[in-house]
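Annotated features in Swiss-Prot:
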{"type": "SIGNAL", "residues": "1-24", "note": "signal peptide"}
{"type": "TOPO_DOM", "residues": "25-237", "note": "topological domain 'Extracellular'"}
{"type": "DOMAIN", "residues": "26-141", "note": "domain 'Ig-like V-type'"}
{"type": "DISULFID", "residues": "Cys49-Cys123", "note": "disulfide bond"}
{"type": "DOMAIN", "residues": "142-231", "note": "domain 'Ig-like C1-type'"}
{"type": "DISULFID", "residues": "Cys163-Cys217", "note": "disulfide bond"}
{"type": "CARBOHYD", "residues": "Asn200", "note": "N-linked glycosylation site"}
{"type": "TRANSMEM", "residues": "238-258", "note": "transmembrane segment"}
{"type": "TOPO_DOM", "residues": "259-283", "note": "topological domain 'Cytoplasmic'"}
{"type": "TRANSMEM", "residues": "284-304", "note": "transmembrane segment"}
{"type": "TOPO_DOM", "residues": "305-324", "note": "topological domain 'Extracellular'"}
{"type": "TRANSMEM", "residues": "325-345", "note": "transmembrane segment"}
{"type": "TOPO_DOM", "residues": "346-359", "note": "topological domain 'Cytoplasmic'"}
{"type": "TRANSMEM", "residues": "360-380", "note": "transmembrane segment"}
{"type": "TOPO_DOM", "residues": "381-414", "note": "topological domain 'Extracellular'"}
{"type": "TRANSMEM", "residues": "415-435", "note": "transmembrane segment"}
{"type": "TOPO_DOM", "residues": "436-458", "note": "topological domain 'Cytoplasmic'"}
Amino acid sequence: MGSIQIIFAAYCVVLCVLQMLVLSSEQFTITGLERPVLAPLGGILELSCQLSPPQNAQQMEIRWFRNRYTEPVYLYRNGKDLHGETISKYVERTELLKHDIGKGKVTLRVFKVTVDDDGSYHCVFKDGIFYEEHITEVKVTATSSDIKIIMHPPNIKGVMLECHSRGWFPQPHMEWRDSNGQVIPATSKSQSQDENKLFNMTMNLFADVGLHQIVTCYIQNLLTHQEESISIVLTGDLFSWKIDWILILSIIACVMIPYSMTSYLQQHLIHGSCSQRSHHWRKNAMVCMSSVIAIIGSMLILHLKQRVPISDQHFELDTLYLEDISVILCVVIVFNLKLNLLTYYRLERKYDGCTPGCKACFYILKIIIIILPFVFTFGCYNAIFLKYHQLQKKVSIPDPLYYFYTSWLVNMEMLGVFLVFFPTFINLIEFSQFIKTVPKPIWLCQENMREDDAIRHR
């Protein structure tokens, strides 16, 4: 009988304990925001949690923490704020609003929100051995109006556009659009984070030559849906350099033909016919034309061959290299033409058989032959180099290889300067030697020829 009473008493104790646990588990729950809270960078974040049913929480422990329970963001216990147990970076940036603590409601306020404040926040109410918690998700957002488009100098293939924006969080969405709002695939995209963990975005677009359109760079924060944009108008004026190059090459081609024909005219004045030495003119013309065609063919091969993909970081450097090579080859064309003709005239200085009536015309032609190359060479070189330096002043390439390329380019410019002054120097020597060979002024020669003709008629 005694053992039965003991068992019954133990059963009652267990039943009471279970009943107390059931009752205690129904003491309260915690409610709060179920959706993520957006916190602007540098602003104020407020997170609230509420006991349900409402009850006084002044003698409870209220703990806010992030990832670890033992590292609280804020700790309140028995009516006191325990700042000594909180994380150091939150000590001076947080406060607990306890205006409604009698109803079981508290609010954590965080000042000067940073990117590191992004994440989950746990709100814990503890009463004795019983506790409940609620988790609130915080999303830190940062937008920026600092957006700009950098247009690199137009080149033979098109124009490279760069859209830059900094100070975003989280990583924003970025795209190019045309005037109709249609998305244009970007050539490349890149992002980086600064010391404050904010995203700096860069997006490139390579636009074809000659397109007249409005291109817009859009960037959007996917959390706040805030959007920034900037537009640029691509017109034909951006590619005026192309017309300049066509004009330069056309001038070279147009002047080259009459320049070469001066040999034909010279022989005609000397001998009255070009049949005796026409093969010299043909050889000279063939040498000039073949060399020019070879140089122009090399330029076309370099430009038409896909050397570096557009998405490659060295694409712009390669394009600039092609432009500089084109400048150098244009200089070589002019120099080659000039050198061939100077050599030919140097070897063809025998004017035996020249009739007296053509001496004045011959001297005039000789002056033209000497002066024309000088003017032509000087004009072509100046046009080429002026346009070249106009392009170079606009170039800004952050590529580390650009410095090595610049040193190589300086050497090429020195070579170009040599090619400019060498024919000019030869021209001056030719002109001085020609002046020495002229015994009298040309008009005196013409008077003497008239006197000779008058004597013969008598």
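Using N, Cα and C of the backbone, Cβ positions are placed for all residues, glycine too.
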Practice item. Helix, strand, coil: count each for the residues of the domain 'Ig-like V-type' (26-141), based on DSSP. Key: 13 helix, 60 strand, 43 coil
Point to revise | Cys123 (disulfide bond) and Cys217 (disulfide bond), distance between Cα atoms, whole Å | key: 42
Practice item. Calculate the per-residue pLDDT averaged over the topological domain 'Extracellular' (381-414) and state the result as an integer. Key: 55
Check your understanding: Other than its own, how many Cβ atoms are within 10 Å of the Cβ belonging to Cys123 (disulfide bond)?
Key -> 25
Point to revise | Spatial separation of Asn200 (N-linked glycosylation site) from Cys123 (disulfide bond) - C-alpha basis, Å | key: 34
Check your understanding: Per DSSP, what is the residue count of the domain 'Ig-like C1-type' (142-231) in each of helix, strand and coil?
Key -> 0 helix, 54 strand, 36 coil
**Study point:** Length of the line joining the Cα atoms of Cys163 (disulfide bond) and Asn200 (N-linked glycosylation site), in Å
**Key:** 11
Check your understanding: When a 10 Å sphere is centred on the Cβ of Cys217 (disulfide bond), how many other Cβ atoms does it contain?
Key -> 26
Point to revise | Protein Cβ atoms within 10 Å of the residue listed as 'N-linked glycosylation site', excluding its own | key: 16
Study note, to complete from the structure: A correct count of other C-beta atoms within 10 Å of the C-beta of Cys49 (disulfide bond) gives 26
